[in-house]
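TrEMBL annotations:
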ACT_SITE  His489  active site, phosphohistidine intermediate
BINDING   Asn89, Tyr522, Arg618, His646  ATP binding site
BINDING   Arg429, Arg459  Mg(2+) binding site
DOMAIN    51-156  domain 'Polyphosphate kinase N-terminal'
DOMAIN    165-357  domain 'Polyphosphate kinase middle'
DOMAIN    386-550  domain 'Polyphosphate kinase C-terminal'
DOMAIN    557-719  domain 'Polyphosphate kinase C-terminal'
REGION    1-26  region 'Disordered'
Amino acid sequence: MGSKSDVATDKKNKEQTGSGLPVAEAVPPHGEALRECTDAQLHDLSCPGLYINRETSWLEFNARVLNEGLDARHPLLEQLKFLCIFRSNLDEFFMIRVANVQRQYENHVPSTGPDKTPPGRQLAEIRRQVLAQLSLAQEHWSKSLVPHLRERGVRLVRYCDLSRKQQKFLDQYFADEVFPALTPQAIDPSHPLPVISALSLNFLIQLEDRHGVTRYARLKIPNNFPRLVFSPRSKEAKSYTSLGFCSNTRDNDIILLETLVQQHLPMLFPGMKIINSALFRITRNADVEIEEDEADDLLEAVRDLVDQRRFGDVVRLEVAHAMPADMRRFLVDILELKPFQVYRVKGPMAFSSLMALYGLDRPGLKDDPMYPVLPKPFADDNGEAIFDTLRAQDVLLFHPYQSFGAVQEFIRRASEDPGVIAIKQTLYRVGQDSPIVQALIEARRRGKQVTAVVELKARFDEASNIGWAEEMEKAGVHVVYGLPGMKIHAKLCLVVRREAQGVRRYVHIGSGNYNPSTAKIYTDMGLMTSHPGICAEVSELFNVMTGYAEKDDYAHLLVAPRGMRQAIVNGIRNEVERQKNHGDGLIVLKCNQLVDKVCIQELYQAAQAGVRVRLQVRGVCCLRPGIAGLSDNIEVTSIVGRFLEHVRLYYFHNGGDATLYMGSADLMPRNLDRRIEVLAPILDPQLRDRVSREILMPHMDDARLYRLQADGSYVRPDAPRGEQGGIQYHMLEMFGCLGE
C-alpha cells in the first residue's frame, strides 16, 4: 500500500502537465533506477539507483503529513492542522529546494546528488506528486472538512450565503476599515508590475475602460487584517464591532477577507467595467547565500540578505483554478515564467493561514489537552535544588512530555543565583518572545559575565535573531555571531558557579532550539550534567566559537565538523566487528534526515556484514532498505503525529555495553561538514538503559509506523492509527501528561 499521494488523478494531471519540461524528462516508475544497477555497481555501491532522490523523498514525507490530515479518525481541527502544515511545508519546499533544482535546470547543471537524477526529471516528478497531493488535500477540505465543521458550528460561508443584515454589517466594515487600506495598481507600460511580495495574496483584475479597451490591475490583500472575518448571526448584533477573530463560532458565520474584498471590487474601480477577477500568489527563491568572505560586517550582510529575498526569482505561480486562460497567460508572460511553474489551485489559497481556526475554543474538535510534567527539582522553590540535583546526578529531559519550563527555570535560577559568575549560551531559533534571552539580560544586569553566541544565519529567523542580538548588546551581553562559512547549530548552555568546594560548571546540551513555543510541539531531548569532562569540553567549544581557539580532540563529545563524522563511522564499523566476532551487531539511529552518502554506504556495508540496522528517520531518507544481499538487514521507519519528531539519538549496541548519544546533528553533509554540532554521550548506565528501553526501542517497535520500501514508497498497516494507538500517545501516558 503506497502513500495516498501516489494516487494521481489522470484527468487533473493532464490538465496541468503542459509543463514546458522536455518529453525526455518523463518520470520513471518508483525503483526503476535500482533495477538498472549492474552487479559491479551494487558491489562497489556506486550505482545511482541505490540512493533515493532527496526531493522525492521529501515529497513522500509531506505525503505522510497529508495522510494525517485525511485521516477521519483525527478530530476535525486536528485534520485541518495537518492540512495547514502540509501546505506550509510545500511553500518552504518551493522557496528553497525547488528553487535550487530550477536553477540547476536552467543552467544545465548535472545532478549533484548520489542518485544522479537530472534536474529536469526531478522537476517533472515534483510537479506530478505535488499536483496529486494538492488534489487530495482540496477534495478532503471541500467534501469532508467544510461540511463536517459546518455541522459542528464552524461555518465557512460565501458572501451570498449571509443574511441581508450580515451583509450590511460586512459592507459597513469594508467601507470603514478595509477599503481605506487597499491600493489598486494599474499594470501597463506606464505602470509596470510592482514588486509582488512573496506568498502575498493578490487579485488580478481584468477591466474594460469606457473606450472598450481591456486593462489589467493588481490588488494586494493586506496581511495586517484578520483573514477570517466573523459575522454575527445574532439578531441583537447592532454593529460590526465584533468582526475579526472570535473564539465563539456557534453564533457566527465566517467569511474569508478576500471574498469580502472581491465582492466590493467595483468600489475600487469607478467608471470601469470589471470583466473578471481571480486570486494569485507567487513564491520567490529564498535560497540566498551570504558571501561571508567578502562581508565586512556580518550583521549588515544578513540584513541585506533578508532584503534580497524580496526580489528573489519567482519559482512558482499559484492561480485560482477558475482564472481564465488569457489572464493566466498575461501573468506568465509578465512574470517571464514557464508553464511548469504554474499551479492552478482549488479552494482557499495561502491555505496555511487557516491555522487561525485551530485557535477556536472548541476542545471537542481537537485532541485531548496534554499537561507537560515539570520534574521536582525545577518546581522546587529552593533555589539550590537544581544545582544540588545536578551535582548528584545527570538529568535527561524529554520534551514536550516533560516541560521545557525546566530548561527556562535552570537558566533563570542561574541568572539570579549570587554564586553564578558566568553564563554562556548558543541561540539558533529563539522565537518572538524569549524568556531565556530575558534571563540572560537579567544575569548581565546583576553583574554576571554573559556570552550569547547568536546564529544570525538561521533561515527565516534572521530578522528575529538580529533584534535579540541588538537588545542583548544594549544590555551589555557579549554577543558573538559565530564563525565565517559555518552555522552554529549546537544547542548549548554553560553555567559557571562559585561554590564552597570551588568553581563548578553545569551544562545543558539539547537536540532542539531554546524556543518555548516549538518546545510544546517538537519532541526533543536535553541533557543536564555537571560531569567535569563534558563541562570542560563544552567550555572549550565556546572558546572555539568566540575566539581563535582550535580543538580537534574531544574525549566525550562528538563535535562537527571536527570529529563527529569519523566517530559515527567508527561506531558503525565497531558493530561490524562485533557481528563478525560475536554475531550481536546492532545499530539504532533516530534522526530527522539521512542524506549523507558516506554514512549510507557505511550502513549498507554493516547490513551486508549481518549487522541489524534500525533507522527511524522523520523526513528525507536517501537510503534504500530491503535490497536483497545489500540492505535486507536495514529497516527504516517514520513517525508523523501530534508532535514533530525532532530528537536525535545514536545507539551502538557494543555487545551490551552500549554507547548512546543525543544532540542536534542529522546525517547530512551540512551537519557533519559545515556546521558546529554536538552529540553528547549519555554516560549514566541507568539513564542510558532507561532511554534505550523505555523511549528509543518503543519508538522503533510501534506497529503503526510508516515503513520505507526499497522502491522509495512508504506503507503503514491498516490498523487504527489515531493518536491513541501510537507511540506518542504511549509517551503521554508514560509521563503522566493526560491529566485526570
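Backbone N, Cα and C atoms are what each Cβ position is placed from, and that goes for glycine too.
Whatever TrEMBL says is automated annotation, not expert-curated.
Sequence features, as recorded in TrEMBL, placed on the structure.
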residue: Asn89; record: ATP binding site; Cβ contacts under 8 Å, 6 or more apart: Asn62, Val65
residue: Arg429; record: Mg(2+) binding site; Cβ contacts under 8 Å, 6 or more apart: Ala458, Asp461, Ser464, Asn465, Asn513, Asn515, Thr518
residue: Arg459; record: Mg(2+) binding site; Cβ contacts under 8 Å, 6 or more apart: Ile96, Ala286
residue: His489; record: active site, phosphohistidine intermediate; Cβ contacts under 8 Å, 6 or more apart: Tyr428, Glu455, Ser664, Ala665, Asn671, Arg675, Ile676, Glu677
residue: Tyr522; record: ATP binding site; Cβ contacts under 8 Å, 6 or more apart: His399, Pro400, Gly512, Phe643, Leu644, Glu645, His646
residue: Arg618; record: ATP binding site; Cβ contacts under 8 Å, 6 or more apart: Phe61, Cys591, Asn592, Gln593, Ser638, Ile639, Val640, Leu644, Glu645, His646
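Across the annotated binding residues for ATP (Asn89, Tyr522, Arg618, His646), the two most widely spaced Cα atoms sit 16 Å apart.
Other residues of the chain with a Cβ within 8 Å of the Cβ centroid of Asn89, Tyr522, Arg618, His646, the ATP site, are Asn592, Gly619, Leu644, Glu645.
Under DSSP, residues within the domain 'Polyphosphate kinase N-terminal' (51-156) fall into helix, strand and coil as 81 helix, 3 strand, 22 coil. In the predicted model, the domain 'Polyphosphate kinase N-terminal' (51-156) shows an average pLDDT of 96.
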